[in-house]
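*Asks:* Here's a structure for you.
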Amino acid sequence: MAKPVKYDEEEEEVSSSGEEEEEQSDGAGSGSGEEEDEEEEEAPAAAAGEAAGGEEEEVDEEEIEAVTTGAGADEEEEESGAAAAAPGEGDEESQSTEDDEAVVGEDDDADEAEGGAVVGKREKARLKEMQKLKKQKIQEILDTQNAAVDADMNNKGKGRLKYLLQQTEIFAHFAKGNQSKEKKPRGRGRHASKMTEEEEDEEYLKEEEDALAGSGGTRLLSQPSCIKGKMRDYQLAGLNWLIRLYENGINGILADEMGLGKTLQTISLLGYLHEFRGITGPHMVVAPKSTLGNWIKEIQRFCPILRAVKFLGNPEERNHIRENLLQPGKFDVCVTSFEMAIKEKTTLKRFSWRYIIIDEAHRIKNENSLLSKTMRIYNTNYRLLITGTPLQNNLHELWSLLNFLLPEIFSSAETFDEWFQISGENDQQEVVQQLHKVLRPFLLRRLKSDVEKGLPPKKETILKVGMSQMQKQYYRALLQKDLEVINAGGERKRLLNIAMQLRKCCNHPYLFQGAEPGPPYTTGEHLVENAGKMVLLDKLLPKLKDRDSRVLIFSQMTRLLDILEDYLMYRGYQYCRIDGNTGGEDRDASIEAFNKPGSEKFVFLLSTRAGGLGINLATADVVVLYDSDWNPQADLQAQDRAHRIGQKKEVQVFRFCTEYTIEEKVIERAYKKLALDALVIQQGRLAEQKTVNKDDLLQMVRFGAEMVFSSKDSTITDEDIDRIIAKGEETTAELDAKMKKFTEDAIKFKMDDTAELYDFDDDKEENKLDFKKLVSDNWIEPPRRERKRNYSESEYFKQALRQGAPAKPREPRIPRMPHLHDFQFFNNQRLNELYEKEVRYLMQANQKKDTIDGEDEDQLEPLTAEEQEEKEQLLEEGFATWTRRDFNTFIRACEKYGRNDIRSIAAEMEGKTEEEVQRYAKVFKERYKELSDYDRIIKNIERGEARISRKDEIMRAIGKKLDRYKNPWLELKIQYGQNKGKFYNEECDRFMLCMVHKLGYGNWDELKAAFRMSPLFRFDWFVKSRTTQELARRCDTLIRLVEKENQEYDEQERQARKDKRMAKNMTPTKRSALRVSEGETTPSNSFKRRRQSLMDDYVGSGRRKRG
């Protein structure tokens, strides 16, 4: 089998060790994992040829790589290029050979053009044939692979039903129902049901063989050797369970609790199939987009022998993966997202998959969803569902999962519902027991408390805090706004909206538009003081920092994460952040930065829904739930980001709660729902209620209203954080005791009373509360409505516009502070001081008496004339006309041309004169450190200037080399050393250097076009088919050779000049003594050395004159 060919442009020699590694890889293509030098180029067609199993000659494989890379898409371009090259050949050739004695006649030109066209057509035909053969080989591999998968699929179904019947007799009902629909084979009259003796003996023998095979199923005592690291005992047991399912042809659900290593168990199953069964795939993993990076890393970490491909990206990236990586024989595992599984189903349907693995499988519990329908159309041997969320005992959801796992048995939802139909309340426990019997062969679920004894415990504490004055003001206004709905009980949708607004107020009042003071919007203590939870967080974080803890902060609201981000920057804490808008690469980079050893990141901000899935953040030991989710499982998933395998410390969970508000009821309901879910599974009751009803919402909204209206002052205390935590532990203990009593009481209730289980308080004070009276007592009287007597529009406008009407005195308008950006380089500090002074004075002058208290305030002074003049001067000093777009254009121009090339930068700027740009550049140079991200900006500019400097060095080096020749296009020589290129000849390298000197370094598209249009390379398909990236790499190799040659040449010239000066100043006596010391005893040697020295001097002087 031919080895993959590697082109080496600098060394031009393949080491023997590299060849051995390539032999071991056996043409695995992209999955080999071998590292290559920067100058090495691998021929993908050669690797594809090996994967196809063809044993063609090495030259043919190289030609496939050299010719087919761009010819398929650019065939018309090739034809037009070839047609254009032929007529223009005579002109260019005559110009380049003006001094030659031989002149080609017209007849010879015509013959040559005709011969070139024939050769070109022949080459194109051969190219098409080679492309056709390549596609045929790939299709043959795909057909062979799919046929093997289909054969296994037919074999695996034979013993499946028998295995299921051994587990429970329930499957006999569904099997009979299915078999009854099938057509019975025609028999032999009344003897049709009887078997012959030979058939009976054959069946008995087969049953005995199956029994022996079943009794001797595979059970691993140690993990497969291809799995790196050490698997725990329960993980090995999970692998054996998955192997048993595989051997019996059964699909399954791996439902271990979050953090127990479901990903590792799944990867170990694929490793087992690879090592022991010789099954390399293809397998497909479908997971949430946010977890794809983690899947790839885990596969590379635990089972590097598997070749994994991440199928994700924009259309161009997906097209590259589809054509180069997602090919038969080039990958083992395809990892993709739910969205890609739907969007790219045409591509993925080509394959027959060995395993389809669905992570976070609760997404397919609705059989009518697009994802569920799409996953059912893929052809696969096995399906494995992974979920950390416990399954609810809902009949239809369970049928949907069973239908996905075993569609040929659980084909009808009606039959399933009829079989499990409940005739009375006493039968419910029996029905659920039967359901669990059905699920038992497919489902494996284990809890941390049962299997992971070495995992440190998790302790949850509810920290209650009061509200600030601003929070109370907004909370009270929200209740007054929807008085009718809250008092009488309106629609559930309106109540949900009120509940959401109240929860926003509990989190931070700045979530409401206009609540934050500004503009200008500044980060200061007001960010902390105006929200009770922020005061609590500000006390908690320093304590956690002192004891070297690391913190995860979860919130449901992305805008709240913005506020927390401002706070962390204000306090100087280093942090990472992930929410629903974070891209995949940024997400992986943030997780890696937080988890790396010695990381200085103290806080990780995450949204509960986007950041609570598939992330391992076990390096943190504190979880702060800034707000609680309606679904308690979401909060549990968030906690398990830290409380999982690899955690070495006790995990502390702090759940923030605003006292006497809706949040207390939300948390209480979450605790009740967790207890009730456990009770449902224990008692065998069918879970029906999933959403909060209208009555529950009404009670939550009304809760704490009396406390809010009774006082307008802040209820935030100055207690020490240790005291707050101690009180929180007491509160949590009380709530746990209440939940225990709730569970005991709930056991006595019937299923009809399930809705009332959430309301177990004997004294429902919020129902007894006269909410309307409470609000009316604290009502702020709105202004009186004024009834207009005149209803005529014309008369109204006449009166309104009458000249003699007395005009009301208008109150002076409070000036608005302009939004000042950091790139405009204003003196923000001084301007803010002047504006605040002016605004305070005007507000005091126009403010009416408030009813809260009538204390006399100190009289404020307006701006003096000097201060007013100073303010106007400061506004003129900045660059108010420069927008963010202008600033970004200026930065890009600095990166492109350098900071000193003002003329080129000004040419890039639209609407700015050169003088304006020069003034801005001067200020930017002096005050760039005032920018918020100046480090990144300066690094980018310096990187661009370094590229410019390097480009100038390269052009000087090439110019210096070319200046040593009269006609470098014909005479240029390159000192390759020992390793000369095998595929790029000297003529090609000479043309490349001359064209780069003419076109400029970096213009690779123009260089590629020059190669294609040049008659010198009309039939050199290797050169004409090179991409711009390959030409750039070759050019870089030649530049390094030229720079090395220039350095040696400069050294020789310096040595020649030094020897010449020494010879000029040396006397005859010294010369003879030097000759004796150097061993020049014979006159002939002395004569030869002098002659060589003179020749070197002559050549050096001639070169300098030409230079």
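Just so it is clear, glycine is given a Cβ too, placed from its N, Cα and C backbone atoms.
Pulled these features from Swiss-Prot for this protein:
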{"type": "REGION", "residues": "1-124", "note": "region 'Disordered'"}
{"type": "COMPBIAS", "residues": "8-25", "note": "compositional bias 'Acidic residues'"}
{"type": "COMPBIAS", "residues": "33-43", "note": "compositional bias 'Acidic residues'"}
{"type": "COMPBIAS", "residues": "53-65", "note": "compositional bias 'Acidic residues'"}
{"type": "COMPBIAS", "residues": "89-114", "note": "compositional bias 'Acidic residues'"}
{"type": "COILED", "residues": "121-147", "note": "coiled coil"}
{"type": "REGION", "residues": "177-217", "note": "region 'Disordered'"}
{"type": "COMPBIAS", "residues": "183-193", "note": "compositional bias 'Basic residues'"}
{"type": "COMPBIAS", "residues": "197-211", "note": "compositional bias 'Acidic residues'"}
{"type": "DOMAIN", "residues": "243-408", "note": "domain 'Helicase ATP-binding'"}
{"type": "BINDING", "residues": "Asp256, Glu257, Met258, Gly259, Leu260, Gly261, Lys262, Thr263", "note": "ATP binding site"}
{"type": "MOTIF", "residues": "359-362", "note": "motif 'DEAH box'"}
{"type": "DOMAIN", "residues": "536-687", "note": "domain 'Helicase C-terminal'"}
{"type": "DOMAIN", "residues": "877-929", "note": "domain 'SANT 1'"}
{"type": "DOMAIN", "residues": "978-1039", "note": "domain 'SANT 2'"}
{"type": "COILED", "residues": "1029-1067", "note": "coiled coil"}
{"type": "REGION", "residues": "1049-1107", "note": "region 'Disordered'"}
*Asks:* Could you tell me the mean pLDDT over the coiled coil (1029-1067), as a whole number?
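*Replies:* When the pLDDT values over the coiled coil (1029-1067) are averaged, the result is 84.
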*Asks:* Taking DSSP as the reference, which of helix, strand or coil describes Met258 (ATP binding site)?
*Replies:* coil
*Asks:* For the recorded ATP site, enumerate neighbouring residues of the same chain (Cβ within 8 Å of the Cβ centroid of Asp256, Glu257, Met258, Gly259, Leu260, Gly261, Lys262, Thr263, site residues themselves excluded), in sequence order.
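*Replies:* Near the ATP site, beyond Asp256, Glu257, Met258, Gly259, Leu260, Gly261, Lys262, Thr263, sit Gly388, Arg644, Ile645.
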*Asks:* Same chain, outside the motif 'DEAH box' (359-362) by at least 6, Cβ under 8 Å from its Cβ: which residues?
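*Replies:* Counting only partners 6 or more residues beyond its ends, the motif 'DEAH box' (359-362) has Cβ contacts under 8 Å with 253, 263, 285-288, 291, 295, 385-387, 389, 401, 613-614.
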*Asks:* Which number gives the other C-beta atoms within 10 angstroms of the C-beta of Leu260 (ATP binding site), all protein chains shown included?
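*Replies:* Its Cβ shell of radius 10 Å holds 26 other Cβ atoms.
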*Asks:* Quick one: what's DSSP say for Thr263 (ATP binding site), helix, strand or coil?
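*Replies:* Reduced to three states, the DSSP call for Thr263 (ATP binding site) is helix.
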*Asks:* Considering pairs 6 or more residues apart, do the domain 'Helicase C-terminal' (536-687) and the domain 'Helicase ATP-binding' (243-408) have at least three CB pairs under 8 Å?
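*Replies:* Contact confirmed: at least 3 Cβ pairs fall under 8 Å.
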*Asks:* Note down the number of other Cβ atoms within 10 Å of the Cβ of Thr263 (ATP binding site), including every protein chain shown.
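*Replies:* 23, counting other Cβ atoms within 10 Å of Thr263 (ATP binding site).
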*Asks:* What does DSSP give as the helix, strand and coil breakdown of the domain 'SANT 2' (978-1039)?
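*Replies:* Final tally across the stretch: 43 helix, 0 strand, 19 coil.
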*Asks:* State the count of C-beta atoms found within 10 angstroms of the C-beta of Met258 (ATP binding site), not counting that atom itself.
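*Replies:* Within a 10 Å radius of the Cβ of Met258 (ATP binding site) lie 21 other Cβ atoms.
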*Asks:* Name the residues of the same chain, 6+ apart in sequence, whose Cβ is under 8 Å from the Cβ of Glu257 (ATP binding site)?
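*Replies:* Non-local contacts for Glu257 (ATP binding site): Gly388, Arg445, Arg446, Leu447, Lys448, Asp640.
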*Asks:* For the motif 'DEAH box' (359-362), jot down how many residues DSSP puts in helix, in strand and in coil.
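*Replies:* When I sort the residues of the motif 'DEAH box' (359-362) into the three classes, I find 2 helix, 1 strand, 1 coil.
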*Asks:* Return the residues near Gly259 (ATP binding site) by Cβ distance under 8 Å, restricted to its own chain and a separation of at least 6 in sequence.
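*Replies:* Residues satisfying the criterion: Gly388, Lys448, Asp640, His643, Arg644, Ile645.
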*Asks:* Reported in the order helix, strand, coil, what are the DSSP residue counts of the domain 'SANT 1' (877-929)?
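*Replies:* When I sort the residues of the domain 'SANT 1' (877-929) into the three classes, I find 38 helix, 0 strand, 15 coil.
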